[in-house]
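A.B. asks: Got a structure for you, written out below as C-alpha cells; questions coming shortly.
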Amino acid sequence: EEINGNNYIDPTQLPYDHKWEFPRNRLSFGKTLGAGAFGKVVEATAYGLIKSDAAMTVAVKMLKPSAHLTEREALMSELKVLSYLGNHMNIVNLLGACTVGGPTLVITEYCCYGDLLNFLRRKRDSFICSKQEDHAEVALYKNLLQSKESSCNDSTNEYMDMKPGVSYVVPTKADKRRSARIGSYIERDVTPAIMEDGELALDLEDLLSFSYQVAKGMAFLASKNCIHRDLAARNILLTHGRITKICDFGLARDIKNDSNYVVKGNARLPVKWMAPESIFNCVYTFESDVWSYGIFLWELFSLGSSPYPGMPVDSKFYKMIKEGFRMLSPEHAPAEMYDIMKTCWDADPLKRPTFKQIVQLIEKQKNKNE
C-alpha cells in the first residue's frame with residue numbers, strides 16, 4: 001500500500017472500455033435517489049442487463065442540464081475509474097453505461113437501504129448495547145426473528161424488489177462467515193420475514209461488521225492505487241444482508257446546502273473529515289484516506305452523530321487541529337476501536353496504519369466479540 005505519490009491513478013488517463021455500453025432504451029426511470037446542483041442519481045429498471053429477459057433494479061447517475069464541461073468530465077472520470085477498478089463486494093459496482101446517442105449515464109448497483117449515515121440515525125432508538133452479558137439475549141432476539149421466516153427467495157443474481165410489508169432478516173453469524181468466504185452475499189440466504197428490516201435492531205456486531213467491510217473496500221481501492229478523498233458515512237451505501245458499499249455521489253450530492261462541505265478557496269470541502277495535510281497543504285494520499293476512515297469510525301460508533309459536535313469550522317477549529325486536538329471516544333466504541341481511530345489520526349501520515357493493517361485489527365476485534 002505504500003506507493004509513491006506519482007503512481008496514483010489519474011482518471012483522465014484511463015481508457016473507457018465500450019464493453020460496458022448498454023442500450024438506453026432498455027432503461028425505465030423511477031424516483032430520484034439523490035440530487036445536487038449538477039447531477040442526480042435515479043432508481044431505474046434495466047431490461048436484459050444480466051439475463052436477456054430479466055428486469056433488474058439499478059441506480060443511474062446522470063448530469064442535469066445545468067452541468068458544465070467540468071462536471072461532464074468528472075462523470076466520465078468516475079465511469080473510467082469504476083471500469084478500471086473491477087468488482088468488489090464492498091464498493092458500488094459498475095453494471096453498464098450509456099455514452100453514445102445522448103447524455104452520459106452511469107449504471108451501478110442499487111442499494112436498497114440507502115446511505116449508512118441515515119440508516120444509523122434511524123436505528124439509534126433500537127440499538128442494542130451488546131455488552132458481554134447481553135449477547136445471549138441478542139442472539140435469542142435474532143433467532144426469534146429468523147424463526148418467523150417464510151419461503152426463501154431463490155433469486156441469486158438479481159436484486160429483490162423491496163415492497164411494503166415484505167422484508168429480509170439480518171444474516172446470522174454463520175451466514176456472514178459463509179458470505180465472507182464466498183466473496184459476495186448470496187441472496188437466497190436472505191429470507192422474507194414477518195418483521196420488516198426497518199424494525200430489526202442494530203448491535204455492536206453490526207457496527208464491527210460495517211467497520212470491517214468498509215476497511216476491506218478501502219484496502220481494495222488502495223491496492224488499485226485509487227484515493228477516495230471523501231470517505232464518510234454519507235458515502236457508504238447499504239444493501240441486502242447489511243452489506244456496505246463505498247460510493248462517491250459527488251455530482252449528486254447537494255454540497256451547496258450540506259453544512260458538511262465548507263467553502264475553502266474556490267471549493268466546498270468536507271473539512272471535518274479531512275487530514276491536516278489535506279486541509280493545509282492540499283495533499284491527498286492513502287494516508288489521508290486513513291484519517292477520514294478514523295472519522296467515519298467515529299460517526300459509526302456514535303450512531304450517526306456529526307464529528308466535532310458543536311464546533312464550527314473556523315480559525316479556532318483549524319488552530320485546534322494543528323495543535324493536535326482529537327475527538328473523545330464515541331459512546332458505543334469498544335476501547336480497541338477507539339485505539340484504531342487514534343492511530344488513524346496520527347499527525348504523521350506515515351505512522352497511520354494501512355487499510356490492510358486496519359482489516360487485520362478489526363478481524364481480531366470481531367473474533368473477540370463473537
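Positions of Cβ are set from backbone N, Cα and C atoms, glycine also.
Below are the features listed in Swiss-Prot for this protein:
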type	residues	note
DOMAIN	27-370	domain 'Protein kinase'
BINDING	LEU33, GLY34, ALA35, GLY36, ALA37, PHE38, GLY39, LYS40, VAL41, LYS61	ATP binding site
ACT_SITE	ASP230	active site, proton acceptor
MOD_RES	TYR261	phosphotyrosine
A.B. asks: Expressed to the nearest Å, what is the distance separating LEU33 (ATP binding site) and ASP230 (active site, proton acceptor) at their Cα atoms?
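C.D. replies: Cα of LEU33 (ATP binding site) to Cα of ASP230 (active site, proton acceptor) measures 19 Å after rounding.
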A.B. asks: If I take the alpha carbons of ASP230 (active site, proton acceptor) and GLY39 (ATP binding site), what is the distance between them in whole Å?
C.D. replies: 17
A.B. asks: May I ask you to report the DSSP-based helix, strand or coil state of VAL41 (ATP binding site)?
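C.D. replies: Note: VAL41 (ATP binding site) is in a strand by DSSP.
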A.B. asks: Pick from LEU33, ALA35, ALA37: which of these binding-site residues has the biggest number of other Cβ atoms within 10 Å of its Cβ?
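C.D. replies: It comes out as LEU33.
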A.B. asks: Among residues LEU33, GLY34, ALA35, GLY36, ALA37, PHE38, GLY39, LYS40, VAL41, LYS61 annotated as binding ATP, what is the maximum Cα-Cα distance? Answer in Å.
C.D. replies: 14
